Amino acid sequence: MARTGALLLAALALAGCAQACIYKFGTSPDSKATHTGDHWDHSLNGENWEGKDGAGNPWVCKTGRKQSPINVPQYHVLDGKGSKIATGLQTQWSYPDLMSNGSSVQVINNGHTIQVQWTYDYAGHATIAIPAMRNQSNRIVDVLEMRPNDASDRVTAVPTQFHFHSTSEHLLAGKIFPLELHIVHKVTDKLEACKGGCFSVTGILFQLDNGPDNELLEPIFANMPTREGTFTNLPAGTTIKLGELLPSDRDYVTYEGSLTTPPCSEGLLWHVMTQPQRISFGQWNRYRLAVGEKECNSTETDAAHADAGHHHHHHRRLLHNHAHLEEVPAATSEPKHYFRRVMEETENPDAYTCTTVAFGQNFRNAQYANGRTIKLARYE
């Protein structure tokens, strides 16, 4: 009965939305993005992420004990005995420039973030310490428990994409930053547990600066699509200096965490750089417009809605979780028919024109540390 009531409330809300509605990032009806599993967005910053992936597996966003992001403690807390990563066990990064040939590097608006991907064999990598003596139970996060004199080997972590969040997802001693970049790496060698792929993420924070634009961000920010589910090929000869986006001071905090978006899978090794890079006010505003809120109008004719007696302006993804309405017990069949009709009428994203009208955001709230090991690496 409660579910039926929720459907009726949603129906009333949707019906009350006349020719123009405001949609948060990830819910725009003109989106060309395709998704598997249950739909999600950042409207509640992850507090409502309960659902399943495309294979029917439940997300662990609300049940996991090692979730990301976190509030990184003060330096003096991490400088205590046993809370440092020894120099010989610290992660090393090597990122040559990304170079576009006109179609090999793409800036993507996927409805959740602005993401950069490439289609060629990029030579960049990070190397992560692991125990020299291993067994099938060893994991990518074992470096957190290694002692300074432990015999070690290294695995190679290959970057597969990077993307942004605003505001920052990680906090440094409670401080929030305007932007955070995540470089996602995949590890497939040496560790038995990683044959299917293990992941490590490097987080880079950005702080506002009164100076000019950060030229390292410009090749990306100058090519950000604003329509969800679309991408831009960087022009031929365009270079992204990924290595220079890493701070010159490579101090970092590392811990075991998760993806910061559904399904929120755990077992990732996180590195959060403690020295922020800079971003101008103008660049921050441009990013927030790229993930901004949209006012959308239907371009369909009134006749298409004549049978309903009023105009509809809906988003099919808003109704994604009601795909099986025939299973909903109801005192009346009207909610079923109403929502089925809405879904049928809103399958065409080109039936809408959308304009950005407000800054947006795409961050997840900080999660409880739950007693996890968090270590500081002082880069020397």
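Glycine residues also receive a Cβ, built from the backbone N, Cα and C atoms like all the rest.
Over in Swiss-Prot, the protein carries these features:
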- 1-20: signal peptide (SIGNAL)
- 38-322: domain 'Alpha-carbonic anhydrase' (DOMAIN)
- Cys61-Cys264: disulfide bond (DISULFID)
- Asn101: N-linked glycosylation site (CARBOHYD)
- His112: active site, proton acceptor (ACT_SITE)
- Asn135: N-linked glycosylation site (CARBOHYD)
- His163, His165, His182: Zn(2+) binding site (BINDING)
- Cys194-Cys198: disulfide bond (DISULFID)
- Thr260, Thr261: substrate binding site (BINDING)
- Asn297: N-linked glycosylation site (CARBOHYD)
Where Cys264 (disulfide bond) falls in three-state DSSP terms: coil
For the Zn(2+) site built from His163, His165, His182, further residues of that chain with CB within 8 A of the site's CB center: Thr113, Gln115, Phe162, Phe164, Glu169, Glu180, Leu181, Gly203, Thr260
Least buried by Cβ count (within 10 Å) of the recorded positions Asn101, Thr261, Asn297: Asn101
Integer Å distance between the CA atoms belonging to Thr260 (substrate binding site) and His182 (Zn(2+) binding site): 10
Rounded mean pLDDT for the residues that make up the domain 'Alpha-carbonic anhydrase' (38-322): 91
In the chain carrying Cys61 (disulfide bond), residues 6 or more apart in sequence that have Cβ under 8 angstroms from it: Gly46, Trp49, Glu50, Gln67, Pro262, Pro263, Cys264
For Cys194 (disulfide bond), the one of His112, His163, His165, Thr261 that lies nearest, given that the recorded positions are compared by Cα: Thr261
Cα proximity to Asn297 (N-linked glycosylation site), best match among recorded positions His112, His165, Thr260, Thr261: His112
Length of the line joining the Cα atoms of Asn101 (N-linked glycosylation site) and Cys198 (disulfide bond), in Å: 30
Greatest C-beta neighbour count within 10 angstroms, which of the recorded positions Asn135, Thr260: Thr260
Other CB atoms, at most 10 A from the CB of His182 (Zn(2+) binding site): 24
Using Cα positions only, nearest of the recorded positions to His163 (Zn(2+) binding site) (His112, Asn135, Cys198, Thr260, Thr261): His112
His112 (active site, proton acceptor) CB neighbourhood, other CB atoms within 10 A: 20
Cys194 (disulfide bond): secondary structure state under DSSP, collapsed to three categories: helix
